[in-house]
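Student: Structure in structure tokens, see below.
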Amino acid sequence: MSDPGSKGHVADWFRRLRTPLRRFLVGRGAVRVADLDDIAQEVFLRLLRYRTSEVVSQPQAYLFKIASNVAAEWAIRARHRFEHEPHWLDSLVAEDQVEETLDSAAAQNEIRRAVDTLTPRERQIIKLYFEEGLTHAQIAERIGVTLRVVRRDFEKSYSKLRGELKLQQTGALKYGSE
Amino acid sequence: MEANERRRLATEEASRWWIKMDTRSADTLSAEDQRQFTEWLRESPLHVSAMLHVAHVHDALGRFKGWSEVATDGADENDNVVTLRDQSPREESAPRRRSAWLPAALAAGLCTFVVGGAWMWLGRGEVIVTDRAERREVMLSDGSVVRLEPESMVRASMSDDVRNITLVRGRALFHVSKDPNRPFIVAANNTAVRAIGTAFGVEHKKDEIIVTVAEGEVAVRPVAPKIPILPMTQQDESPSAAQPASAGVVSKSVSEVRLTAGKQVIVQSSGSAEPVREVDAERALAWSEGRLVFDGVPLRDVAEEFNRYNHVQLRIEGEDLGQRLVRGVFQASDPETLIAFIGAGAHVSVTYPDRQNIVVAAAP
């Protein structure tokens, strides 16, 4: 196995983390934000069942791979229930229609509202990251602060947004958009 | 610590890890960071949850289309304040030390007590009980995690030099947090299992005790029954739970069996152990993942096992049908999969007398 610490394997490492993460977020499982805690319980227990030496080699990949599996299993189970209880159909369909995806206007407004609660500098930093695609180091250079300050502001922004964002579900309903 | 406070801390840590692992950065996590991150993740479901939530935040920002309208006025003015705060002696991206987490685990346990009601402080130990169709996962004060299957009962008593757990009935998976100075001992009937840091399952099956190791190593040894050191203060235990061996009586002189990952031993009621055998630990411990594995088990017993896991109760009618052997893997929470399986191999009629019961009978 390649050494994840060596720079020669950055692309490799990136791919390993990236794929399972994408699959978790946009895979074929419908994950409501409210369900994330339950999924986390299950993911946690499954993580414990692997040997430490296995997980340590690529913990991020394990985390999101397991999460995506659990999410998919939940979706299958939901579908099963669905078959057995046809009268649930109406309510489920109705519910689906009002649910927001991350691309809906309501979700976009909500993200906008949450971002506006950040300090100007935090907004500036995540904007440079997501809009212009800069790296942390490039952002630091652009606005003339240290890399450490950039990372710290990122951390604070994400912590705040976790509490602030009131979205109903993750992007997981974007079926097959991977 | 308040639940909100624990959540806030977990979120901060998750954000720190997330930023540290930023996929756009040329730096990768060092081997030491990978190890610490793994350890952190496996400390608590709360950490896993925080990590998933932070991933969600990142995803939402990545899909946001209105960046051009986001104002950043005043970013420069804010600069001084931030720089000043940055000079505080704060460890950069260092994961929080373990000590801060232990009270959280303790608080988590107390929360379970308040909410669940089945977590009691009795005498000198905590007692965790599950009912029919109930599975419960509890973090003990030492950070170890016990996953209790339905109709099971565990008593935990922690002291400075030993962690004594008694599996009074049922079965449980233990994930033991490392503490070389305090062995973690699980007693069940006449069997004691000693672990330092590992994952293993212990189950009562009829009169036997089955020990299966998923990770690490444990020592299994018979213990002298009927000399419990811990007083049994409970009145409500089933007769089968009477006088389980206390972990406290483990004597070093008795021969012990060492089990490593993927090994299983069955200890009979007489105290004699069958030879250690190699098993597919994942399969042997499938119950801890909500799956039931049967290798030629009479349908009647299979139904009983399902009923343990579900509120909806399955009844098999007809002696012949009840004796049919079942071989397969099923989702414990879904009796319908079993019914479909029976239906595929035998001519049966399935009726639903009410919401709580399913009757499967040999078709006339």
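Including glycine, each Cβ sits where the backbone N, Cα and C put it.
What TrEMBL shows for this protein is this:
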type	residues	note
DOMAIN	B:12-55	domain 'FecR N-terminal'
TRANSMEM	B:100-122	transmembrane segment
DOMAIN	B:127-218	domain 'FecR protein'
Student: Based on DSSP, tally up the residues of the domain 'FecR N-terminal' (B:12-55) by helix, strand and coil.
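Tutor: Helix, strand and coil residues of the domain 'FecR N-terminal' (B:12-55) number 31 helix, 0 strand, 13 coil.
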Student: Grab the pLDDT values for the domain 'FecR N-terminal' (B:12-55) and give me their mean, rounded.
Tutor: 85
Student: Summarise the domain 'FecR protein' (B:127-218) as counts of helix, strand and coil residues per DSSP.
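Tutor: With helix first, then strand, then coil, the domain 'FecR protein' (B:127-218) has 0 helix, 56 strand, 36 coil.
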